[in-house]
């Protein structure tokens with residue numbers, strides 16, 4: 001049976017209304033319980049549990065184990081062909097689009113919730129009778145909430161993407177309406193109640209921000225995973241762009257703050273309610289790698305502690321996500337002291353994100369097709385570092401160049417950064433398979449959120465005369481440049497064999513065996 005692709009294109013039907021494609025059938029050794037892989041998984045568990053020994057999960061061993069198991073199965077049956085009932089039929093299903101759209105909407109709205117107050121920090125400060133640094137803590141607390149709940153997120157995602165998505169939707173609903181209640185309480189609102197609601201929405205974010213890799217692993221083949229992860233992951237900064245662009249037009253003075261929060265709460269409710277009705281998992285596996293038994297959380301942790309390639313990707317990813325969170329939260333405060341207004345700062349933030357989304361929409365299908373993860377990382381990372389360096393001088397070009405300087409740098413920074421996000425998330429999953437995708441993705445995003453919170457606090461402390469933030473921009477640039485060499489070391493020093501794309505290779509090997517059968 002011929003194997004077909006799985007890009008993010010409009011689905012077509014075959015024999016049933018729900019089925020999109022029928023992929024390569026499973027080989028003799030594999031059945032619906034995954035017993036052909038279970039022996040390998042148990043071996044990995046024993047290695048992970050061995051005291052003081054480094055766990056080694058090599059792709060060659062994986063393929064060899066599968067092949068040996070298949071040969072034994074053939075021999076046991078006297079070489080007879082297996083019946084259709086004994087074969088796994090790999091399909092991708094149209095219903096996956098419903099879950100994908102819902103995960104995208106939740107990532108959009110939870111990020112909008114994050115930047116509800118930042119684009120109008122001065123008006124919000126006057127409304128709550130406080131200062132801008134206190135308003136910044138609404139964004140900072142949101143980010144720190146991610147780290148606080150990370151262990152629970154990994155556990156829930158280990159059960160499947162639907163429990164995680166439903167949990168996020170519930171927290172978004174409750175958190176938004178508590179924020180609105182806090183804004184409407186008293187003449188100037190109750191800032192403590194608003195902060196409590198903001199923390200609840202912050203707790204909602206990791207359940208959907210870390211879910212794309214897990215969802216694409218379960219519902220998509222290796223020809224669509226990068227694109228699916230890109231769509232759902234980059235919906236998060238798209239929500240931030242919407243917030244930065246739209247909220248300044250809703251708030252013309254302090255008296256408009258509570259009405260703006262009501263608008264956001266209504267939109268959040270509309271986006272969150274369908275999450276309770278998404279399907280939990282496909283009826284049958286979509287690819288051999290999607291049914292591979294994953295390592296336990298303890299064994300995964302032991303392996304990652306000794307995986308150099310994981311850190312060469314994790315550390316720069318966390319730094320750049322943290323810098324993005326910091327500059328997104330503080331962009332108004334960076335630009336306004338130089339003569340820009342709220343609308344111009346909002347456009348700069350929107351350019352950062354919208355141009356990035358367009359660039360990622362172009363690059364993700366190409367990376368899906370050619371699997372050029374390493375090339376993409378080596379190309380994008382230096383550009384990101386240079387953009388943070390150049391941006392130090394951009395706010396001061398208002399008098400000579402108008403808005404052109406910040407706009408151009410924001411656009412280039414967005415293109416490089418957003419193209420990088422889904423690549424790194426999927427690359428981490430490929431290099432650490434059969435560790436479950438939610439482990440690496442949650443850790444990577446958690447690192448970015450906690451660093452983002454720290455960077456916002458540090459940047460606020462570095463404000464200079466007149467509220468100018470040149471020293472904060474220097475701080476950003478130094479961190480961005482320090483992170484550049486790390487991913488460039490991938491595959492160097494004789495470690496090229498560590499960059500094998502494990503899931504892709506497993507699917508290819510099993511596809512060839514299925515075609516031969």
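Any Cβ shown, glycine's included, is placed from N, Cα and C.
Curation does not apply to TrEMBL; its annotations are automatic.
Copied over from TrEMBL, here are the features:
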REGION    1-52  region 'Disordered'
COMPBIAS  24-38  compositional bias 'Polar residues'
TRANSMEM  97-115  transmembrane segment
TRANSMEM  135-157  transmembrane segment
TRANSMEM  164-181  transmembrane segment
TRANSMEM  193-215  transmembrane segment
TRANSMEM  227-251  transmembrane segment
TRANSMEM  257-278  transmembrane segment
TRANSMEM  310-327  transmembrane segment
TRANSMEM  347-367  transmembrane segment
TRANSMEM  374-395  transmembrane segment
TRANSMEM  407-429  transmembrane segment
TRANSMEM  441-462  transmembrane segment
TRANSMEM  474-493  transmembrane segment
Checklist line | Positions on the same chain near the transmembrane segment (227-251), where near means CB under 8 A and six or more residues out | finding: 7-8, 100, 103-105, 107-116, 118-120, 123, 205, 208-209, 211-213, 215-216, 219-220, 257, 259-260, 263, 324, 328, 331, 342-343, 345-347, 349-350, 352-354, 356-357, 360-361, 364-365, 368, 418, 421-422, 425-426
Item checked: Leading contact stretch, 135-157, 193-215, 374-395, 441-462 vs the transmembrane segment (164-181) - CB distance under 8 Å -> 193-215
Next item on the list: Go through the chain and flag residues at least 6 beyond the ends of the transmembrane segment (474-493) whose CB is under 8 A from any CB in it; none is fine as an answer.
Entry: 309, 311-313, 315-316, 319-320, 323, 326-327, 374, 377-378, 381-382, 384-385, 387-389, 391-392, 455, 458-459, 462, 499
Check: Counting Cβ pairs under 8 Å that are 6 or more apart in sequence, does the total for the transmembrane segment (407-429) and the transmembrane segment (97-115) reach three or more?
Finding: no
Notebook entry, point to check: Do any residues of this chain, six or more beyond the ends of the transmembrane segment (310-327), have a C-beta under 8 angstroms from a C-beta of it, and if so which?
Noted result: 139, 143, 237, 304, 334, 352, 377, 381, 384, 388, 417, 420-421, 424, 427-428, 431-432, 440, 443-445, 447-456, 459, 476, 479-480, 482-484, 486-487, 489-490
Note to self: Counting Cβ pairs closer than 8 Å, which of 97-115, 193-215, 257-278, 347-367, 374-395 has the most of them with the transmembrane segment (135-157)?
What the structure shows: 193-215
Notebook entry, point to check: In the same chain, which residue numbers or ranges, 6 or more beyond the ends of the transmembrane segment (193-215), come under 8 angstroms Cβ to Cβ?
Noted result: 99-100, 103, 106-107, 110-111, 113-114, 116, 128, 137-138, 141-146, 148-150, 153-154, 156-157, 160-161, 164-165, 167-172, 174-183, 185, 228-229, 231-233, 236, 422, 425-426, 428-429, 436-438, 440-442, 445-446, 449
